[in-house]
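A.B. asks: Questions regarding the structure given below will be posed in turn.
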Amino acid sequence: MLHGTVFGTVFYLAALIACVVNIYRFRKSHKPMSGFTWSVLSFLITISMGSVAAGLISPLHIPINIYSMAVIYLLIAVLVGWRIKKEGMRQEYIWEKYDFIVLILTTVAVAAISLKIFSPQLLYCYYNSDAGLHLKEATAIVRSQKVTNMYFLHLQNAMFVEMIQPFVRIADWYKGYILGDCFFLWLETLFFAAMIRRFAKTKGSKVFAIFLTVCYFMGYPFFSYYYSFGYWAVGSMMVGFVAITLRLYEEACVERKYSIFMLMLGCFGVMTSYMMFAPVTFVAAFVYLMIVAKREGKIFTVKNVLLALKVFLLPTVMGLYYCLYGFFISSGTSISGALGNAGGIYTELYMDFFWVIFPVLFMLAYTLKKRRFTPDVVFFLAFFGFTGVMLFLTLTHHVSTYYYYKTYYPLWMFCWVLTAKAAFVMLQEAKETLIAYCTLAAMFVILCYGGVEYKIVTSTERITGAMHSTEFFTLYQYDWSFITRGHQGLDNSVFDLFQYVADNLSEEKMVPLMTEENDYGQTYLYEGVSGYDFPDFYEWRHTKKELKQAYYDWDVHYAVLMKGTQFEELHGKDVLGKKAVKILFENEAGYILELDDK
């Protein structure tokens, strides 16, 4: 493992920024374009190219770290800069006051919320096991210097970890992971604002765009943020990237050789961020490319076959290698078996979508009237159909509820995109309809948040027995309560305990954490911090005989026992009472045990 340095951090940031800036400056069209939209797209293009490069060189045993990634970005920046100088033309952009308002509001909101939850000290305030698991994936890249599985977001988080390495101890690498989570929440919000930017043309539509961005942000994006579901949040963002690029391709807003390249990057990003979204994304993109081909002439031509290969070949090959072979086949896991795994997730069948149902139906009717499908509509229909299929598979016990509700994330995004589009159309052609709809929404907001219904329900006359207006804002209330409540991170003694292992036992082949089933959250966190991967020692997967054999096979001399865990409650006295067990180190969080006789 190559440890990060201050030079490495500065080098990486400089190379990354140079690459983003040059891609932004590179001429893609002879027409002026939205500077706000393309600043977001330029960053996504940059990290997508870096991720493709990492996936190509990793099997060649070239280390993937902050230095090699910096070199990749620097080479791309130099190449693109050379093209700009050679052509003597730079892309012209348009920035409006609205763009800066959105940028500032988003930055302030995400920064304020992040500081409220994690504090300026970046305390570990996650409330589920996923954060530990994904920290483990990121630090695995840092330690192994290679990428595996669905690595797109894990690679970015690994870079954040390596950037802070010079400033923190090993046990505090998680602070880099937190910074990565916060950054991608900010980026994801800006991306949605970029998706609906073309609908924000008048003062009224701009006000609606800002309001709808808030509605979008405070739903599933924020939910995935504090549950550390960033991998499928970024996967959904890359789905949106594909949808945007298809529009650019059809309208020839960008030279088609560049939009084709962007489509390839987007499909790759979806595949390596969250594979479950890839099949429906590929199908939707393929269908829309056929729609465009039909509008422009024939569908079945050699040119269109080559187009499909350019867009889908590399993402498919790399996806099969890293996701199908690298994860499912190598681990002996089937796709159907994985989709049946249970997990903790927020569940609400349809009420969270109540406020977008009418605008979406309006846009579907409007699309049929105009007889012209757009990428937004096609992708909404594709993911709506996908959600329907997943619902059927869930009801027939082939897919877990956990995986079913993951389909709501991209569906949420496209519902709000269509809502923004509907508001734009209504402002032009059906203002009365928009006023009526907004009035209806305002009435329910007053009932719920103005305390009107509560006063009626609690009145002595007993007019009604329960509140119902809150049901229309369940997810928002859920998220808001999380923001406003107090947050207390894991005690520093936990990380002091883990740091002792890093400082004194790093040469050991294995130092497992003694666990029971309810301790799996701490298990993943310990694995992420320590670098030890010990599924052979998970108590809930093995019998006592198998565990004893694992201690013998791995030649274990030391183990960690956490205080306040299920394992300590069930087995702590017995373990600590054994003559062969010696307490090497103890603090408020737990023990480092020396095992003389296994």
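Yeah, the Cβs are placed from backbone N, Cα and C, and that goes for glycine too.
From TrEMBL, for reference:
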type: TRANSMEM; residues: 6-24; note: transmembrane segment
type: TRANSMEM; residues: 36-58; note: transmembrane segment
type: TRANSMEM; residues: 64-84; note: transmembrane segment
type: TRANSMEM; residues: 100-118; note: transmembrane segment
type: TRANSMEM; residues: 176-195; note: transmembrane segment
type: TRANSMEM; residues: 207-223; note: transmembrane segment
type: TRANSMEM; residues: 261-293; note: transmembrane segment
type: TRANSMEM; residues: 305-328; note: transmembrane segment
type: TRANSMEM; residues: 349-366; note: transmembrane segment
type: TRANSMEM; residues: 378-396; note: transmembrane segment
type: TRANSMEM; residues: 408-428; note: transmembrane segment
type: TRANSMEM; residues: 434-452; note: transmembrane segment
A.B. asks: Output the single range from 36-58, 349-366, 378-396 maximising the number of Cβ pairs under 8 Å to the transmembrane segment (434-452).
C.D. replies: 349-366
A.B. asks: Might you confirm whether the transmembrane segment (378-396) is in contact with the transmembrane segment (176-195), defined here as three or more C-beta pairs under 8 A between residues 6 or more apart in sequence?
C.D. replies: no
A.B. asks: Using Cβ atoms only, state whether the transmembrane segment (36-58) and the transmembrane segment (305-328) have three or more pairs under 8 Å that are 6 or more apart in sequence.
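C.D. replies: The answer is yes, given that the two segments have at least 3 Cβ pairs within the 8 Å cut-off.
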A.B. asks: Looking only at residues six or more beyond either end of the transmembrane segment (207-223), which have a C-beta under 8 A from one in the stretch?
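C.D. replies: Distal contacts: 101-102, 105-106, 109, 113, 185, 188-189, 192-193, 196-197, 199-200, 229, 233, 346, 352, 355, 408-409, 412-413, 416, 419-420, 423-424, 427, 475-476, 478-480, 483.
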A.B. asks: Let me spell it out: take the transmembrane segment (305-328), skip the flanking residues so only those 6+ beyond its ends count, and list any with a Cβ under 8 Å from a Cβ in it.
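C.D. replies: Counting only partners 6 or more residues beyond its ends, the transmembrane segment (305-328) has Cβ contacts under 8 Å with 52, 55-56, 59, 147-151, 260-261, 263-264, 267-268, 270-272, 275, 278, 282, 285-286, 289, 334-335, 338.
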A.B. asks: Looking only at residues six or more beyond either end of the transmembrane segment (64-84), which have a C-beta under 8 A from one in the stretch?
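C.D. replies: Residues packing against the transmembrane segment (64-84) from afar: 2, 4, 8-9, 11-12, 14-16, 18-19, 21-23, 25-27, 46, 49-50, 53-54, 57-58, 90, 141-142, 145-147, 155, 158-159, 162-163.
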A.B. asks: Which of 6-24, 100-118, 349-366, 378-396 shares the most C-beta pairs under 8 angstroms with the transmembrane segment (261-293)?
C.D. replies: 378-396
A.B. asks: For the transmembrane segment (349-366), what are the same-chain contacts with Cβ under 8 Å, counting residues 6+ beyond its ends?
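C.D. replies: Non-local partners: 215, 219, 377, 380, 408, 411-412, 415-416, 418-419, 421-423, 425-426, 433, 437, 441, 471-472, 474-475.
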